[in-house]
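Features reported for this protein in TrEMBL:
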DOMAIN    1-49  domain 'V-ATPase proteolipid subunit C-like'
TRANSMEM  29-49  transmembrane segment
DOMAIN    67-125  domain 'V-ATPase proteolipid subunit C-like'
TRANSMEM  69-89  transmembrane segment
TRANSMEM  101-127  transmembrane segment
Amino acid sequence: MGAAYGTAKSGVGISSMGVMRPDMVMRSIIPVVMAGVLGIYGLITAVIINGKMDAATYSAYSGYAHLGAGLTVGMSSLAAGLAIGIVGDAGVRANAQQPRLFVGMILILIFAEALGLYGLIVGLVVASTAE
């Protein structure tokens, strides 16, 4: 959900900005790419959890640990997607008016993406230590 929201919100900003400055559209795709990475975090977690599942020895403890790992990655990616969407929308519009804002926008996007990465790390630790 975070990846979808970030992509949609940033895409609206890119479309609005593209009317004024069509030469900057490709440069403004960065928020969409960063939002798409959040979906990959969930895919990585799902593959790792799926590899740990065995019907014969799967306990309730493992199930709750895997649920917690999935929720951790999902909620942190949702928060990161919301931040990326809002910053991407406002950032690309502002960048069209003042190109010197590009570096600041990228830095804010990196810090927003880091929120999702922190959730991925915690989720992987929780999923890998569940027995």
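Even glycines carry a Cβ here, placed using N, Cα and C.
TrEMBL does not curate its annotations; it predicts them automatically.
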Margin query: Need one number: mean pLDDT over the domain 'V-ATPase proteolipid subunit C-like' (67-125).
Written below: 94
Checklist line | Per-state residue totals over the domain 'V-ATPase proteolipid subunit C-like' (67-125) - DSSP helix, strand, coil | finding: 58 helix, 0 strand, 1 coil
